[in-house]
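A short write-up of the structure that comes next.
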Amino acid sequence: MNLLIMGLPGAGKGTQAEFIVKNYGVNHISTGDMFRAAMKNETEMGKLAKSFIDKGELVPDEVTNGIVKERLAQDDIKASGFLLDGYPRTIDQAHALDTMLEELGIKLDAVVNIVVNPNILVDRLSGRYICRNCGATYHKIFNPTKVEGTCDVCGSHDLYQRADDVPETVKNRLDVNIKESAPIIEHYTELGLVKNIEGEQEISQVTDDIKKVLG
């Protein structure tokens, strides 16, 4: 089975990716792992990627695509299939993936897309507060303080949010993700591959729904 998994930050993609890999015995391929392995093994594309990273530059698409193709060409992929996580990030990468899969004779079976309302994700991702005095961490929904505004550990009233946890920052980050992922999802929908999964349910129910669509 050859799969992609998609979903906005905070949608629970990582948890469900772990389940799919364990349940279906496919290889979990994440962009970070691929880059690290390619650089460690000093593959042609790995050396190229390292040359950009060492200069503090963004790795161009053609190098990223090359690293993905190197990984998909390996024997364990032919034997067990894959779950691709974190790629493609742009519509150009999606078209490149189509081409490389065709060249390698690999068929993509499904795109698992975990759907959660962005407003809910803002709440999930922006609810973290930290005690400036002792460093204890809280979440306004999942782990609130017993007394509002007071640290359970040290009793301090000095609770703060990190800049990247502020709702406006989180919303901006999600907006960028939505803008980039929308054409990719549309592309795979046209190919009849997208399986939309309701991600606002309990984790176990999300997992059950994935089992239903993948068989």
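In case you wondered, yes, glycine gets a Cβ from its N, Cα and C as well.
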Of 127-165, 166-204, the range Swiss-Prot labels region 'LID': 127-165
The annotated region 'NMP' range in Swiss-Prot, which must be one of 30-59, 90-119: 30-59
Distant-in-sequence neighbours of the region 'LID' (127-165), which means Cβ under 8 A and at least six residues beyond its ends: none
All-chain count of other Cβ atoms within 10 Å of Glu57 (AMP binding site): 9
Local confidence of the region 'LID' (127-165) - pLDDT mean: 94
